[in-house]
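Asker: Have a look at this one.
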Amino acid sequence: MAYETVIGLEIHVELDTKSKIFCSCSTEFGAKPNENTCPICTGLPGTLPVLNEEVVNLAIKAGNALNCDMNRINKFDRKNYFYPDLPKAYQISQFDLPICENGYVDIHVDGKNRRINLTRIHLEEDAGKLIHIEDEPVTLVDYNRCGVPLIEIVSEPDMRSAEEAVEFLKNLKAILEYAEVSDCRMEQGSLRCDANISVREVGQEALNTKVEIKNMNSFREILKAIQKEEKRQVELYTFGEGHKIKQETRKWDSSKGRTIPMRSKEDAHDYRYFPEPDLMPVIIAQDTIAKIKQNLPELPSKKKERFVTSYKLSEKEIDILIGKKILADYFEAVISFGADSKEAANWIIVDVLRALKEESNEEMPIKAQYLAGLIKIIDQGKISRTVGKEVFSELITTDQSPEEIVKQKGLSQISGMDQIEKIIVEIIGKNPQAVDDFKNGKAQAVGFLMGQTMKATNGKVNPKLAKEILENKLKEM
Amino acid sequence: MINIEKLTIAEIKKGYIDKKFTVIEIVSAYIDRIKRLDPKINAFITLCEEMALKEAAILDDKIENGEEIGQLGGIPVAIKDNICTKGIKTSCASKVLEDFIAPYDATVVKKLKDAGAIIIGKTNMDEFAMGSSTENSAFKITKNPWDLGKVPGGSSGGSAAALTAGFAPLTIGSDTGGSIRQPAAFCGNVGLKPTYGLVSRYGLIAFASSLDQIGPFTKDVRDCALSLEVLQGNDPLDATSVNDTATKDYLTDLDAGIEGLKIGVPKEFFQEGLDPEIDESIKGSIKKLKEMGATVEEFSLPITESGLSAYYIVSSAEASSNLARYDGVRYGYRAETFEGIEELIVNSRSEAFGKEAKRRIMLGTYVLSSGYYDAYYKKAMLLRKKIKNVFNEAFKRYDIILSPTSPILPFGIGEKTEDPLQMYLADIYTVNINIAGLPAISIPCGFSKSKLPIGVQLIGHHYAEKKLLQAAYNLEQSLGVYKDIPELKGVE
């Protein structure tokens with residue numbers, strides 16, 4: 001029996017605002033526990049929410065970038081449930097009138113183009129964080145995250161494999177980064193994903209019981225968790241035990257590499273949604289939507305088209321550069337300082353990416369201006385490529401320009417014709433055997449003499465020029 | 001000694017200007033009176049003696065130096081205990097918040113302070129403002145100063161009784177379904193519920209967010225107009241606070257006549273259940289209004305009963321959500337014994353909430369539950385829309401709608417506590433006004449044979465407080481009963 005997997009994702013994305021959704025507290029990540037809180041976001045009695053309008057603008061931006069229809073009449077609703085990280089005991093969210101509906105993201109997997117549809121995007125506030133103290137009967141609460149603005153993106157069950165799900169999520173993340181809606185840092189929780197998974201026989205139309213998987217914190221974990229759950233369900237169906245698949249929420253345990261049951265359908269909350277009486281409906285002007293659409297930053301698909309026509313790069317190179325907004329931005333910055341695009345792409349894909357990985361940093365290791373300068377002096381023959389790599393390593397640790405480093409370390413390439421000629425004459429004089437070999441038709445002798453030249457100059461001689469001069473000299477003899 | 005129990009805000013202000021007395025003298029006189037008499041009335045939960053005297057001294061210095069002291073400069077004010085006051089306990093008359101001290105001032109408290117008012121204490125109320133008799137307080141039962149065996153009304157019973165007992169010339173309450181107007185009627189003073197959105201709710205501990213509104217209790221309509229000028233105003237901290245362009249000058253032309261004023265009297269408000277003595281007293285008011293040149297007309301406003309159902313569904317639904325935050329985790333009452341987070345929440349809430357609060361939480365949770373939402377909450381919201389429309393239509397024909405404030409006279413303490421439905425019916429004339437977000441005022445219009453006060457309710461259109469106060473002022477002056485104050489038998 002052949003089975004196919006049906007996957008839908010729910011993605012929570014923190015919006016990139018300075019202040020929280022209903023108060024003026026900072027949204028910055030990494031503050032001391034409960035530093036970014038006030039009576040409003042900790043839900044003290046008597047306080048009221050006031051909407052940060054930037055949140056609506058960012059949601060419209062996300063909707064535009066994800067090809068959604070916009071609801072111009074918006075209201076907020078209360079989602080009621082008790083949990084210590086939720087100080088009002090309700091989350092202000094959107095229930096029956098989400099700000100965006102009916103979007104899509106196109107993906108490319110295994111040579112096939114697929115369109116993944118989005119059901120809706122709605123606005124809501126984030127909750128705080130519980131911190132369990134190990135081996136102690138104590139739980140602490142940090143409300144810094146409480147009231148950070150979120151959008152929840154709900155996809156249709158359109159994905160058919162873990163790979164498709166991950167590809168969808170990667171594309172979605174890139175689009176939101178490019179649109180400057182969120183920094184989408186999964187490791188900081190500003191992009192979080194839950195997956196709904198069911199399995200059915202190929203050809204079957206109806207959906208089977210779905211299971212929700214939570215707590216996956218990286219693309220790798222999402223891939224593994226979905227594959228694991230897929231395997232669990234297929235095995236149960238294969239052995240005629242499909243009835244054992246219950247509608248439930250399971251938690252991914254990355255250390256054990258498996259999902260464990262969290263709560264069943266019977267334990268599901270009745271959230272008792274009702275319209276939030278403390279906030280007025282938000283009516284979005286058609287004009288606002290149009291203006292935001294007009295000023296939307298260039299999205300990955302458009303950028304790719306432009307890169308294909310503007311730069312002589314392979315598709316693979318372009319995909320790598322586009323895959324991360326900071327890389328593409330950096331590439332274009334390097335170009336803007338006059339560097340050759342092919343060279344720039346090479347350096348970025350090989351050396352810059354390696355440095356990024358080693359530093360595990362989100363910041364570029366070298367100023368774009370310096371990388372462009374480095375490429376230029378190599379191109380001009382002032383230093384060799386080999387020396388260039390050395391300068392590159394220097395650039396990561398110092399804040400000097402490549403020119404300064406070359407000067408300080410005496411790495412400048414010998415390019416003066418007279419100077420090179422003098423050196424070569426010297427080398428020829430020292431190696432009569434090689435000269436004889438050349439005369440006897442042994443072409444390798446040129447290589448030997450070049451090696452000697454490089455050695456004598458510590459690699460600083462311009463190899464192209466040196467070779468030319470050497471060959472001329474040998475022919476003259 | 002000053003006879004403070006009779007003084008209005010306007011008289012105290014004049015006294016300061018004429019140097020008849022100092023702020024310290026006034027504040028001390030009120031505090032002495034509270035200390036002497038409140039043990040029998042139980043209007044206060046917290047008295048702020050030290051803080052008030054300190055403020056009074058500062059204001060006396062200002063007067064001495066010829067500085068402005070503000071529109072309510074040196075006026076003692078008592079505040080209902082569900083309005084947050086920085087550094088002073090705000091308990092909502094609940095065990096849940098017994099020791100809760102807000103780290104901030106409600107917007108109205110800030111406005112009062114900025115206008116020079118001096119907070120002398122926090123007043124008793126029904127727990128979380130749920131009730132019509134102030135018997136639902138977790139701490140004490142407030143007595144009606146006219147008859148200590150009767151309730152002062154509720155939920156702002158402490159503020160109403162304090163005003164009537166002469167403990168302050170201005171007290172502040174909140175009104176979700178009649179909680180200012182009904183106790184004002186029961187205690188024989190002036191109580192105003194402003195248009196929803198005119199006064200900021202920031203810092204008012206929510207009962208039902210879409211209905212709650214803060215307002216004043218005063219001895220007369222002039223004081224009411226003066227204090228409303230201070231309390232009102234758009235607040236960036238309250239998204240439901242409305243920035244409208246209607247006048248905020250309520251004192252100018254307060255005494256302009258009411259010749260030609262069109263008053264509608266809904267006949268549904270005069271049916272079965274209305275006490276005949278109240279009926280008679282209201283008819284007296286109507287006669288006076290006609291004598292002053294107003295046209296008074298009976299009309300049909302078919303909403304009273306549906307309004308009451310819509311009110312109890314909407315208010316309980318919102319309350320169930322608003323009161324959910326009291327889980328014992330961050331502040332407020334926490335159970336002593338529990339195992340795990342769920343028990344912590346369940347035990348804390350079970351032990352600390354009173355009967356009525358629990359009843360409304362249950363009711364509200366039920367009407368919002370999946371499968372019941374459409375039958376109750378959704379229907380109530382539709383009714384609400386209908387009630388708004390019915391009022392809008394009526395205000396096309398009338399400037400003011402007039403009715404009794406309460407169908408019944410102040411009842412005996414303990415008389416209705418076992419029958420919540422009977423208690424709910426006491427709100428039948430007031431809840432619709434909150435449902436529609438309209439302004440309404442209750443002023444004293446007479447007394448029963450047993451010398452219990454009776455109130456008449458005047459209802460205005462949205463933001464038509466100016467016209468409403470003018471009508472109320474004219475009626476008050478011609479009736480004259482507002483000057484009566486209780487003898488406080490059995491207290492002194």
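Here the Cβ of each residue, glycine as well, is placed from N, Cα and C on the backbone.
The active site, charge relay system annotation in TrEMBL covers B:Lys80, B:Ser155. Look at TrEMBL and you will find B:Ser179 tagged as active site, acyl-ester intermediate. Under the heading domain 'Amidase', TrEMBL lists B:25-469.
Could you tell me the structural context for the features on the list?
Answerer: Under DSSP, B:Lys80 (active site, charge relay system) is assigned to a strand (E or B) in the three-state scheme.
Long-range C-beta contacts of B:Ser155 (active site, charge relay system), restricted to its own chain and to partners at least six residues apart, with a cutoff below 8 Å, comprise B:Met125, B:Asp126, B:Ala129, B:Met130, B:Gly131, B:Ser132, B:Thr134, B:Asn136, B:Gly173, B:Ser174, B:Thr176, B:Ser179, B:Pro183.
Over all protein chains present, the Cβ of B:Ser179 (active site, acyl-ester intermediate) has 37 other Cβ atoms lying within 10 Å.
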Asker: Would you mind listing, in sequence order, the residues at least six apart from B:Lys80 (active site, charge relay system) in the same chain with a Cβ closer than 8 Å to its Cβ?
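Answerer: B:Lys80 (active site, charge relay system) has long-range Cβ partners B:Lys122, B:Thr123, B:Met125, B:Ala129, B:Ser156, B:Gly158, B:Ser159, B:Thr171, B:Ile172, B:Gly173, B:Ser174.
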